[in-house]
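Structure record follows, encoded as structure tokens.
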Amino acid sequence: MSSLTDKTRNGALKRNLLRQMLKASVFKFGEFQLKSGQISPIYIDLRECFGHPGLLMLISEAISKQVEISEVQYAGVLGIPYAALPYASVAAGNYLKKPLLIVRKEAKSYGTKKLIEGLYQPNDRLILIEDVVTTGGSILDVVKVLHTENLVASDVFCILDREQGGRQKLQDAGVTLHSLLDMQTVLTFLYSTGAIGDEQWHGIVQALNLPYTSPTKLEINSELENLSSLPYVENVRTPLAERESLTESALIKKILGIMRRKKSNLCLAVDYTTVEQCLQMIELAGPFVLAIKLHADAITDFNEEFTRKLTTMANDMDFIIFEDRKFGDTGNTNLLQLTGAQKIANWADVVTVHAVQGSDSIAGVFRKLAKDPTYRLSGVLLIAQLSTKGSLTALEGYTETAVKIANENRDVISGFITQTRVSACSDLLNWTPGVNLDAKSDSAGQQWRGVDEAIEVQQNDIIIVGRGVTSSSEPVQQLKRYRQIAWDALTRSDDSI
């Protein structure tokens with residue numbers, strides 16, 4: 001039931017699922033006879049979801065997430081006929097990327113006359129997907145059919161466990177039930193949102209012989225939650241000292257070392273257009289920040305003397321130089337831009353790169369420069385998410401692909417520009433823009449949130465702050481303020497600090 005209140009992507013997904021199910025009239029109240037013959041005052045009609053494509057996709061995503069969390073090894077996905085087939089089809093094809101199998105209730109009298117349809121080999125292990133589990137009888141019938149073809153099925157994933165003996169019956173037969181929802185969660189949600197009252201709650205519990213004595217009311221917002229604003233992974237963040245000892249990246253070791261020495265996970269975005277403005281702000285910020293972020297192509301009088309002073313200041317004040325160039329071209333063009341007029345590779349420690357160009361264009365060129373001691377450049381940050389409203393990084397699959405590219409090239413990719421933690425790899429750092437303690441948005445589509453949300457809820461490591469400091473009449477005070485709040489948020493549960 002913690003999923004009704006926890007601040008995780010998986011929890012938000014379940015809450016959104018229940019909200020949409022309620023809106024789609026999935027929960028029906030009256031007098032209904034179940035397949036088992038039992039009379040129930042509530043009927044949960046998951047077939048209603050078929051008429052709502054968004055809800056069908058959401059359920060399939062949620063089931064797929066349950067499969068991933070379970071870490072069960074399997075070769076294919078089988079939907080229990082027939083109500084679970086749409087969910088199994090979407091989950092297998094769109095999320096799990098595994099073959100779909102179907103068991104017929106009876107073999108055809110023509111054609112191949114097969115009872116089991118799909119791609120499989122003898123002794124393959126399958127996972128089963130069901131919509132509602134009451135007694136578990138339908139699942140065990142399918143398991144018996146699979147055994148006749150030497151197929152193994154010991155795990156079933158369902159949308160709803162009605163908590164009426166099915167789990168135990170399946171367990172006795174060697175089948176583990178993984179449920180997305182159970183009746184306690186459903187009833188708590190319905191009660192908390194006012195869909196049912198005390199009398200209905202007690203009537204349902206009594207009729208279905210559920211082991212609850214009194215309803216629980218939780219504070220549950222009725223609005224849908226933005227799933228992309230929550231971490232993609234839910235494992236506990238590794239302590240900084242351990243991350244520093246585990247990583248093989250020289251840049252990440254350097255960054256984590258600076259963070260621990262200066263007690264700072266603050267990156268300042270110095271978005272000025274003249275060298276003088278930049279140097280003045282960097283002089284003030286240097287003692288308090290982990291990194292200084294620049295847009296070199298926005299500086300109208302950019303010159304080599306500026307980069308000489310910049311690197312000297314970085315060495316003296318112990319900070320990283322971060323050029324936010326957002327490279328996104330072919331490998332050869334990237335190389336020309338890195339070593340061309342502004343000689344970015346000579347003075348920047350790290351640069352940003354779009355994932356759109358693909359792994360080959362990123363890894364080859366940037367690895368070559370990062371391994372060459374004649375250049376200062378030693379790593380890249382891959383753009384996984386942006387903080388602007390309507391960003392195309394929110395398109396399905398973009399962030400996941402960026403994470404895959406980074407995971408496979410951790411010697412040169414040191415982390416992400418992101419809104420939330422997107423990778424389970426502890427040696428990839430999550431840098432997040434869009435942080436402001438005093439404003440929520442501007443007129444150009446920029447959206448901001450607070451430090452605690454960015455660090456503790458969304459599990460980012462480093463905050464990137466710009467106008468919250470640079471537009472202030474007291475920038476040093478703001479630097480101290482952001483540094484302290486961000487560091488406290490990052491290290492609150494870190495025993496290594």
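Cβ coordinates are placed from backbone N, Cα and C, and glycine is handled just like the others.
Copied over from Swiss-Prot, here are the features:
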REGION    8-226  region 'OPRTase'
REGION    227-232  region 'Domain linker'
REGION    233-496  region 'OMPdecase'
BINDING   ASP271, LYS293, LEU294, HIS295, ASP329, THR333, SER387, GLN446, GLN447, TRP448, GLY466, ARG467  UMP binding site
BINDING   LYS293, LYS326, ASP329, THR333, SER387, GLN446, GLN447, TRP448, GLY466, ARG467  orotidine 5'-phosphate binding site
ACT_SITE  ASP324  active site, for OMPdecase activity
ACT_SITE  LYS326  active site, for OMPdecase activity
ACT_SITE  ASP329  active site, for OMPdecase activity
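Listed as Cβ neighbours of the region 'Domain linker' (227-232) (distance under 8 Å, sequence separation of 6 or more from its ends, same chain) are residues 7-9, 12-13, 16, 385, 394, 399, 403, 419-423, 457-459.
For the recorded positions LYS293, LYS326, counting C-beta atoms within 10 A of each C-beta gives the highest total at LYS293. For the binding-site residues LYS293, SER387, GLY466, a Cα to Cα distance of within 10 angstroms from ASP324 (active site, for OMPdecase activity) holds for LYS293. Under the DSSP three-state reduction, GLY466 (UMP binding site) is assigned to coil, being neither helix nor strand. Note: the Cα of GLY466 (UMP binding site) and the Cα of LYS293 (orotidine 5'-phosphate binding site) are spaced 9 Å from each other.
A Cα-Cα distance of 11 Å separates LYS326 (active site, for OMPdecase activity) from LEU294 (UMP binding site). Following the DSSP three-state reduction, the secondary structure of LEU294 (UMP binding site) is strand. Taking Cβ-Cβ distances under 8 Å and a sequence separation of 6 or more, the neighbours of LEU294 (UMP binding site) in its chain are VAL270, CYS278, ILE321, PHE322, GLU323, ASP324. Rounded to a whole number, the C-alpha distance linking SER387 (UMP binding site) with LYS293 (orotidine 5'-phosphate binding site) is 16 angstrom.
ASP329 (UMP binding site) sits 21 Å from LYS293 (orotidine 5'-phosphate binding site), counting Cα to Cα. Taken residue by residue with DSSP, ASP329 (UMP binding site) is part of neither helix nor strand, so it is coil.
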